[in-house]
Amino acid sequence: MLIIPAPSPTTAVHYLATKCVDSVRHHQSNKWFMPWGPNQCDKIRDLEEAMSRKIEANNIVFAVHIPLPNKEMSPWFQFMLVILQFDIAFKMYNQIEDGAMATIDVGLAYRDDTLSEWTEMAHSIEQRKLSCNFTTSKTYENEGRYYECDLLPFMELGSVAHKYYLLNIRLPVSERKKVNVGIGEVKDIRLVGIHQNGGFTKVWFAMKTFLTPSILIIMVWYWRRITLMTRPPVLLEKVIFALGMCMTFINIPVEWFSVGFNWTWMLLFGDIRQGIFYAMLLSFWIIFCGEHLMDEMKRNHFSVYWKQVGPIVFGSFCLFIFDMCERGVQLKNPFYSIWASDVGTELAMAFIIVAGICACLYFLFLCFMVFQVFRNISGKRSCLPAMTKARRLIYEGLIFRFKFLMLVTLTCAAMTVIFFIISQVNEGHWHWGDYTVQVNSAFFTGIYGMWNLYVFAIMFLYAPSHKRYGEQQSSGDAGASGEDVQLTTTITHVDGPTELYKMTGKEAQE
């Protein structure tokens, strides 16, 4: 059997910067150095050649053309993340100092054909702290060996609207201003360009385009069923409708426009949409379980759940602030990174760790609520033998299907928490260096499909119906002694529980 693998979500391409010579004494901001092609720059092989030709460090430009020769970038790539790594040789007289900071003068240009001039897209002077280790002894015999340096965040673009990109990187040296002093002997600069796969993008867009009308139709149908009721909608029905709205909001395939327009804010907008959905989904599960606890507390009011929902809203707001601190700034300066400073790195690491811990604690609390629901139902189930066989079988079936729905909810919550933690780790693994977590495209699309299927099922099963089961008692029930059990529920049809189960015992009337 032929198995066609699903396209990976992202692709990483490695680049080695070409060392170009800027012979002009005063650097021209509008001059761009091409590493290859008909207008390629005057190149040098290494620093030894630069020294023999008496070329100063300030006149060396590291040029990188993205993509590689005979290839083109595409808007289907959606975003581009670039990671930087220095190749630094050990020299006894030029070692890397503790806390060394590399100052990088970088410019980014673009064009859409091989004949037009380069157009500047961004220019910035950035600083990156070096984190390098020399694994052998620092002796003259080991001169020329390379340090092991961590990867450094370098650039992130929210759209790939042009075919060709050009990076010109300078490492300006100033003894008087202590600029790029004590960073060792930089031999080469390596870049890793990461972008979304075009094949995965098309699959993702098609999936969102298909799911959007499905959720929209069931949401309209669900609200219409609610409006037909003579009573006002209960809290659970309102929350389910709000969940459907959030699912529709995240489903709408506005990404199609990013293929034709240079919308650099799409990454930030996508994060905001996903954050709103996370907040709504986590809040829904708390209210969903709370409304089925069947305790003595008067529920059906949002104020009852403010202690549980409040931290979720606060955490989502913190997520938004954290995202704005990086991707919000990157709308103006794509070379900015919160990971570039010690304080920013510590804050980002602490945020990821705290977010993971809070997600796990939330899941444990949700498990506790589901356990309470099951315990309460089991306590009421002891009253079922007092019913007639036919009626007892109906209620036992309803209880079984309700428990199954709660287990599905718990499974969906577990997968969501795992996906959230993995996505946070995956987004930051380039900044950590050695540890890599790969998110398979099947897992990514599977979680998204699971959310849609779950929301669809909840709205279908919990849509109010004018049919009522269990409201009339048979003649045998009327004359039975002991306790009678009434299970009040609104159901779409006899095979599915949909609103709220309440078991109340009452004395039989003779």
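Quick reminder: no glycine exception, Cβ is built from N, Cα and C everywhere.
What TrEMBL says about a protein is an automatic prediction, not a curated fact.
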Range annotated as transmembrane segment - as stated in TrEMBL, picked from 75-94, 235-254: 235-254
Contact yes or no, the transmembrane segment (274-293) and the transmembrane segment (398-422), 3+ Cβ pairs under 8 Å, gap 6+: yes
Tertiary contacts of the transmembrane segment (442-463) (same chain, 6+ residues out, Cβ under 8 Å): 6, 9, 203-204, 207, 211, 214-215, 218-219, 221-222, 225-226, 236-237, 240-241, 243-244, 247, 251, 277, 281, 405, 408-409, 412, 415-416, 419, 490, 492, 496-499
Leading contact stretch, 203-223, 235-254, 347-371 vs the transmembrane segment (398-422) - CB distance under 8 Å: 347-371
Surrounding residues of the transmembrane segment (347-371) on its own chain - C-beta under 8 Å, 6+ positions past either end: 282, 285-286, 289-290, 293, 308, 311-312, 315, 318-319, 322, 338-339, 406-407, 409-410, 413-414, 417, 420-421, 424-425, 428, 431
